[in-house]
């Protein structure tokens with residue numbers, strides 16, 4: 001028998017004895033201790049973003065970070081597999097009396113060996129070791145989840161049994177260590193509708209607080225799966241944790257595109273992110289188009305390699321010769337001007353918009369009282385805004401003819417908000433494209449400006465329903481509950497089927513991958529996209545607030561409606577660390593005031609917030625080189641920092 005895959009597990013201390021050069025005395029193991037000689041690879045049930053459940057052969061002894069990477073490699077070699085990680089099943093909704101049961105934080109399944117945190121996750125700080133009360137560790141009992149309750153919360157009703165558990169039949173795994181629980185297809189580039197029981201088990205958070213509670217289940221990347229209370233045949237969810245996707249290729253990333261699309265789809269259907277009625281109909285239309293195209297033979301990419309070469313040659317041509325002038329004098333600096341309504345929010349003021357003449361030149365936005373003042377170039381502007389590094393968020397509602405651009409501009413006070421309102425879609429597309437480019441440090445002379453304007457105009461056209469559907473309603477079996485979120489079902493009722501078919505007429509020419517990519521782009525354009533919420537209490541404050549973590553910033557928000565109080569960009573942070581005794585996290589800012597932001601996370605362990613911040617900073621440091629090597633040590637230094 002081959003014992004090479006076995007290792008020693010110490011249940012009492014929740015610890016793998018993985019230091020093979022150590023003696024049992026060095027681990028403080030006495031004669032009455034019970035240790036287990038057990039396989040390191042065990043069967044784990046994993047629910048993918050498309051809600052299918054597969055049985056995987058996973059290493060329970062390595063860090064969760066490495067286990068997730070190896071799992072994603074088995075899943076058809078997913079690129080950027082460090083963006084996906086495992087989490088426990090989502091917490092159930094509160095009971096009628098508002099109680100949610102005892103909360104079990106994901107990151108508290110730690111042994112009391114003293115090898116826990118002793119440095120910050122980023123820049124040479126010092127963290128304290130866990131507080132201990134006598135012989136009992138500060139953290140909760142590592143055996144709490146062994147009774148079969150797969151949820152990080154309990155409702156007091158006994159173990160939660162997954163609906164698919166009875167359908168699992170133990171059998172040989174395939175060559176990659178994967179097998180479908182229900183015997184279905186393992187092709188990850190295409191997804192089948194999940195069973196009704198799985199759809200009914202999905203949670204629909206009603207408030208921002210409930211959305212924040214959804215983030216409690218993320219596993220600690222620096223600990224093994226076994227050390228976090230997970231046992232063989234338990235069920236974990238595999239999800240994209242960091243919403244910072246890049247290099248999505250139609251040619252090479254069919255699996256990754258499909259899984260991102262599925263996670264986006266269920267996030268919208270489960271109301272984990274807000275959208276308007278027009279946006280919901282667009283999502284429904286694109287989802288219907290994906291369904292229709294799934295049964296159609298897709299066009300083959302005959303010149304896939306040539307396409308990559310042509311794209312590289314085009315980039316080289318632009319870099320050598322410069323962008324096309326489009327008939328413009330190359331000596332002139334392009335500028336964009338026009339009358340816009342604007343609003344700069346202040347405390348205790350009404351939201352009233354005023355009209356000024358705005359001019360965007362290079363990377364700056366100038367405001368004048370009249371067009372004459374702007375054209376002269378001699379008059380002093382009313383105010384000037386530097387757009388480089390700002391956050392640009394669309395705020396549109398076609399039914400109300402509202403075309404707004406929300407700007408969050410870096411300042412000494414953190415991030416200050418400013419709203420621009422355009423009169424129509426064409427004006428909105430020009431200004432939105434210009435602001436997006438300026439935020440990236442690109443001027444109107446950049447070759448991508450026209451393409452960006454066209455992309456925005458196309459997106460607006462897709463949201464305008466056609467006068468009549470292309471598909472005969474009598475020839476299609478359309479269950480509207482599978483395409484829209486519940487609140488729109490109650491609002492639109494009988495009109496919904498017709499509206500979806502009319503919206504589908506605008507995307508009828510898209511093939512399968514194009515429909516999925518447009519769905520992802522529409523999802524990414526939502527105002528709340530990529531913001532992970534946590535309930536926190538800031539030091540010195542009495543009331544609870546929300547903390548939002550995005551790809552390049554953190555936001556202090558109100559608990560009830562999510563209004564932004566203050567925003568800090570990651571570029572202004574010089575250190576972040578956690579006091580593991582008090583569970584307070586401190587973020588040191590490198591600004592004029594050297595401000596320290598200190599808070600206690602109430603809806604999840606503070607390590608989860610720590611990992612989100614460190615993970616996004618790690619992703620921002622990647623290069624454009626497709627062959628770059630994953631710096632695992634840097635990831636753990638930024639997200640955890642302990643040995």
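Backbone N, Cα and C define each Cβ position, glycine as well.
Note that TrEMBL annotation is computational and uncurated.
According to TrEMBL, the protein has these features:
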{"type": "REGION", "residues": "87-106", "note": "region 'Disordered'"}
{"type": "COMPBIAS", "residues": "96-105", "note": "compositional bias 'Basic and acidic residues'"}
{"type": "REGION", "residues": "112-172", "note": "region 'Disordered'"}
{"type": "COMPBIAS", "residues": "112-127", "note": "compositional bias 'Polar residues'"}
{"type": "COMPBIAS", "residues": "141-154", "note": "compositional bias 'Polar residues'"}
{"type": "COMPBIAS", "residues": "163-172", "note": "compositional bias 'Polar residues'"}
{"type": "REGION", "residues": "183-202", "note": "region 'Disordered'"}
{"type": "DOMAIN", "residues": "333-440", "note": "domain 'PH'"}
- Query: Average pLDDT across the domain 'PH' (333-440)?
  - Reply: 86
- For the domain 'PH' (333-440), jot down how many residues DSSP puts in helix, in strand and in coil. 21 helix, 52 strand, 35 coil
- Item | the region 'Disordered' (183-202): DSSP-derived helix, strand, coil residue counts | 5 helix, 0 strand, 15 coil
